[in-house]
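Everything below concerns the one structure shown next.
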Amino acid sequence: MVLRVGMLFVCLVLMTLTADARSGVFDLTKYKPGGDIAQALLAAWKEACASPTPSKVLIPGGKYTLGAAELLGPCKAPIELQVEGKVMAPAQPKGESWVTFQRIDGLTLSGKGSFNGQGHIAWASNNCHKNPACKGFPINLRFNFVNNAMIKDVTSEESKTFHVNVLGCKNITFQNFKIVAPAESPNTDGIHIGRSEGVHIIDSNIATGDDCISIGDGAKQVHVQGVTCGPGHGISIGSLGKYDNEEPVAGIFVKHCTLKNTDNGVRIKSWPAMKGGSASDIHFEDIVMDNVLNPVIVDQEYCPWNQCSKNAPSKVKLSKISFKNIRGTSKTPEAVKIICSSGFPCQDLELSNINLKYTGNQGPAKSVCKNVKPKITGTLNPPGCH
Ligand SMILES: *[C@@H]1O[C@H](CO)[C@@H](O)[C@H](O)[C@H]1NC(C)=O
């Protein structure tokens, strides 16, 4: 078996790994705590990746420091990284990635362990909302061009910026995945998806400072189910229409989710004036809102920090959108806010069985619509939009 070679290499050269050639498990147990496991992890990964039979790299229980790690494919057979330990990033921000999985077909990331980005230092110096030339911070976990992947049970904590970035992936599932960061941590989006197809986020819990799940251009067939978000900014499509050549967003299904104490519930946002683009076939169903600022919101005048001109309408086309069976409580009187583009009014938008109770005392609650003629079926509470 090829893993013999890996075992010798790893044990003799690094003295930090044990490999069980028969089961294809590379175990970092012999590693002495306190230092950086990057070298040991990369060596084990390289050997496992070269194995013609399925293999596993194991980070056992314990606390470890890991510098930036690029876990690259293609591998000869499916590969698993099982993390049982608490893996800590270097405290000082460096580069734009911490742990990257790239060009792998058949990846499993599993275990009860965690990736802790030690974000507090980065958060204090983050001025990216005001300074477009700000330097980026490392993302906890990047999945670049990874196909047929399962990410289960692990936790991402305290990322310096986004926790997870999914780019160019096909058939990738996050299940029983956990994200933890405080409400006031800036730019700490939970899972950002761009230019990927067949993304499933199931039975997961995301508490963070920015979007729970953000869906960018080129995302297709994204299924979010049984996810609890909060604190954070909710589940968001966009923002779209800021850059040239954005790919369409199509086929987004968000079901059986709960949003607790978030700024937004379910949202679609695009920039006014700037670039074109489209989002279609987007469905939110069976969603519980618990004390959410803007539970249902389409905002085609999204322009934070005045980074754009609001004088021209958004060029992003929105169509085939539904909000169904949405109930719970709103912290603002405008519980439903559908603000579409005057240049490209929303097409084929449905509001069905919406029951949101305003918990404050700033006048009567209402639903507000602009540049859209929604199809309303069942209840629409608060009323409006006709
Ligand atoms: C999707 O990926 C999973 C691994 O998570 C695999 O078991 C499954 O067969 C893949 N589905 C397709 C259609 O390739």
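Glycine is treated like the rest: Cβ placed from N, Cα and C.
Residues or ranges marked as active site in TrEMBL: HIS233. If you look up TrEMBL, you'll see 1-23 marked as signal peptide.
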For HIS233 (active site), nearby residues of its own chain (Cβ under 8 Å, 6 or more apart in sequence): ASP210, ASP211, CYS212, THR262, ASP263, ASN264, ARG267
Per DSSP (three-state), HIS233 (active site) is coil
